[in-house]
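Data first, discussion second: the structure below is written as structure tokens.
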Amino acid sequence: MTEVTIHQVPEMRRIRRIHFVGIGGAGMSGIAEVLLNQGYEISGSDLRESDVTRRLAGMGVHVFIGHHATNVDGASVVVNSSAVESGNPELMEAREKRIPIVRRAEMLGELMRYRHGIAVAGTHGKTTTTSLISSILAAGKKDPTFIIGGLLNSAGSNAGLGESRYLVAEADESDASFLHLQPMVSVVTNIDADHMDTYEGDFSKLKQTFIDFLHNLPFYGLAVVCGDDPIVTELIPAISRSVVTYGFNEDSDYRAFDVRQDGSKLRFKVARPEGLATLELFLNMPGKHNVLNATAAVAVASEEKVDDDAIQNGLANFMGVGRRFEIYGEFEVGAGPTAMLVDDYGHHPREVAATIAAVRDGWPDRRLVMVYQPHRYSRTRDLYEDFVEVLSTVDQLVLLEVYSAGEDPIPGADSRHLSRTIRTRGVVDPIFVEGVEGVPAVIKDIVQPGDIIITQGAGNVGTLAKELAKRNLG
């Protein structure tokens, strides 16, 4: 049977040029790349040039730096993300010219409509889990299309157009836009209090939105959910679709056990239902949270009848995702043992705790130096005590000012205030640094032989590890 893609649907053939406002964003750039590979003319704009915009331009995307009304001239449709305000000149021009404007998730939903969609949702672990599922499907010769929120190291991209019916993508709950998706398989890794402004500060609304997302599955679809997460398990009775669970919990359908970590390497087993053989697995990523992410991928692959060898090989050969415990290497510090440099995207207290736990499990005798940049004043305010608690568990803390992500400052939710509160706990004495450019000098002054240095957060702290590596930690 011939596969139907979005470009082969007669109604879509009127669409020629698709313009993305904010094309440098992780989710936007992935969709743009897939559509480009399907034969559409793609243009896009962003406020500043980046590795992502340069890569897209090299592929043939017409990239504008800066937002201007003339950028949408000739566009058949304009795609925007929730980060773009309605007063953006390109959106205003599109409305004036009656050019259709669609949200990023709506376009992803159109891509998914004509394929066997696998959507991965959850507060934490979406990118890694989506990447692991894609890796296993590729190892099983399924050749999936994938759209993820980080750089898949094996592909050198955050998106790829496959020839099969499979499309694997992250489902974003931050603005509830994942409700535009209608996949065949939905994964929920966990549910935590984040992006609460979208849900008017009401956690019950967030939970109901996840239920609504799962009910977008057809009656023959499948929900794969984490049996270790108390909020997820609380929702299971309300899900009127087939459900399989995964986790460390004894009652999970796909149960991870016998976990052994040696540095960044994990070995573990997964017991499976219905007479399926228990799998012995290897993953070159540390942390029990990544065991859960991998077990979710095993559950999806097993339900999709992927061969056991492909599951094992897909995990064993997985090369990781950019900024997800990305190890930059070991660097000489005086005459003693080398110091290791790691970069990680986690910016929620639970994610930071998972990173710290991975270090303590894999390198129990090494000092942990964390350079942390809080992301958004609202998140810092809402989870203030959680941040104080988790950041007090490192050995040395360098605290950058909050990365605003467009928000106005909130009194008491800045990093100077956070630093003072952590200091009063008497466990860690933070070093406050205003901007990333001041960090290399601080690291040079405090680094000790054998240290593990982690640059942590979702803002421009992500540029720091590369700079520190270039300077040999100084």
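Cβ atoms here come from the backbone N, Cα and C positions, even for glycine.
Features of the protein shown, as given by Swiss-Prot:
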type	residues	note
BINDING	Gly122, Thr123, His124, Gly125, Lys126, Thr127, Thr128	ATP binding site
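Recorded features from Swiss-Prot, shown on the structure.
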residue : record           : Cβ within 10 Å
Gly122  : ATP binding site : 23
Thr123  : ATP binding site : 22
His124  : ATP binding site : 21
Gly125  : ATP binding site : 24
Lys126  : ATP binding site : 25
Thr127  : ATP binding site : 23
Thr128  : ATP binding site : 29
**Study point:** Cβ-based neighbourhood (8 Å from the centroid) of the ATP site, residues Gly122, Thr123, His124, Gly125, Lys126, Thr127, Thr128 excluded
**Key:** Val120, Thr129, Thr189, Asn190, Asn293
